[in-house]
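Listed in TrEMBL for this protein:
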- 334: active site, proton acceptor (ACT_SITE)
- 43, 44, 48, 190, 191, 192, 219, 334, 361: 3-phosphoshikimate binding site (BINDING)
- 43, 112, 140, 192, 365, 406, 431: phosphoenolpyruvate binding site (BINDING)
- 28-438: domain 'Enolpyruvate transferase' (DOMAIN)
- 1-30: region 'Disordered' (REGION)
- 454-487: region 'Disordered' (REGION)
Ligand SMILES: O=C(O)C1=C[C@@H](OP(=O)(O)O)[C@@H](O)[C@H](O)C1
Ligand SMILES: C=C(OP(=O)(O)O)C(=O)O
């Protein structure tokens, strides 16, 4: 994550044209999608930067932090614990509390990073902290983290299902307050349990050892991001052994940072190029990054698209073939829904593996994808750790999003080429991208303008053509159903 010298990437405010629960007819692409899309900041980097700034030894500034539901919830949570956060056009100035304060109820919404990263902060608070969230969040795995907090001496009580939201964390008082030690967890259902404990580890007396035992830990690049961001702030972390991380006790240095664009949130826009025969550029794509979304470059290349990373950004250009592929997405499981949509539009079968744990994401993503892709006509099988997607000719219909921003992104991609796809709710994209609908519409409008400009240029050079036709006049043939839906 760069220090504060990168150009801030800003997106326009959302037009706010869709209301929650209102069906959203996903727009079909009238022409191949050809556009440049500025993607807002990374959710994962923003929420780590906020937590680390709240635990640091002095104030930090965060520029290009993501402004979305998950990061509003994080800022509200940290403020409720006593952190000062001033938001201005120059960024967010975060001033750590002298001592984190108890007594608050934290709303975690449906945000994994809030429900996992904030409870360990309660170990440092001067009183009990309560946690609640969306009803759908009650189903997300929490038990390994709550068990680790108990091992570290906290009292954790739940008022709903055992070891799930809502819960209250009461820290140890007296001489044992704020002590570290060893936390043994099974992180096979989420890497966020490990990241959560590592983020607070340096502030615990004696530091913290985190040991995983169980099936393989998913999303390892997200743990690597946590470790790197701790080291950037002077914290010593030993990750030399698999499944074991040791954070030494020490100061977390304040650091002014610019957040990178969210590469996982670039997925639907890049997929739009691949499925419509177009070309999309995402400016400020980092040459080196800790974000697992960078794996999109490999995924799209293996599926047949041309991928070109230059200093000005990443450009993905469709070729005449969108291919099925064997894809282990265990490191970048956030990409599963959009990649499954791509797979449903590909020439042949795709097998996605390594993502059993996405059953515990915003919704059971394997079930949701197989149901919704299946209802539009694709043949989809759930496997023990993923999906097999056999493309079939698809037809429009309702596409349910299950309050999951990435299901909505997948539905929007399908709607570009399958006529009549209607999302039951697109406003769930506000979880990480409140500007999704306006960016999507801008992308399509820019593609049309691009084609109009090309036609005008042709008209100038071709004496046979006097009046440049406009795509907006409906003069350009719309792609046939066959070329829209590629199977
Ligand atoms: O630490 C993070 O910022 C994240 C880790 C991953 O969680 P899981 O390990 O639960 O997949 C990822 O899917 C999520 O979107 C963000
Ligand atoms: C799994 C995701 O989010 P969360 O941070 O809520 O776990 C996601 O964004 O795909």
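Glycine residues also receive a Cβ, built from the backbone N, Cα and C atoms like all the rest.
Quantities reported herein were computed from a predicted structural model and do not represent experimental measurements.
Taking the features listed in TrEMBL, we show where each one sits on the structure.
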residue	record	contacts (Cβ under 8 Å, 6+ apart)
43	3-phosphoshikimate binding site	66, 68, 70, 71, 113, 262, 265, 432
48	3-phosphoshikimate binding site	113, 117, 195, 199, 225, 226, 229
112	phosphoenolpyruvate binding site	140, 190, 192, 361
191	3-phosphoshikimate binding site	217, 218, 219, 220, 222, 223
334	active site, proton acceptor	219, 264, 292, 293, 406
365	phosphoenolpyruvate binding site	336, 337, 355, 358, 359, 404, 406, 407
431	phosphoenolpyruvate binding site	68, 69, 70, 109, 110, 111, 362, 405
Neighbour count (Cβ, 10 Å) for residue 406 (phosphoenolpyruvate binding site): 31
Close-lying recorded positions around ligand 1 among 140, 191, 192, 219, 334, 365, where CB distance stays under 6 Å: 191, 192, 219, 334
Residue 192 (phosphoenolpyruvate binding site): tally of other CB atoms within 10 A of its CB: 24
Distance-selected recorded positions near ligand 2 (C-beta under 6 Å), from 140, 191, 219, 334, 365, 431: 334
Residue 112 (phosphoenolpyruvate binding site) - helix vs strand vs coil (DSSP): helix
Assigned conformation of residue 219 (3-phosphoshikimate binding site) - DSSP reduced to three states: coil
Other CB atoms within 10 A, centred on residue 219 (3-phosphoshikimate binding site): 26
Cα-Cα distance, maximum over 43, 44, 48, 190, 191, 192, 219, 334, 361, record's 3-phosphoshikimate binders, Å: 19
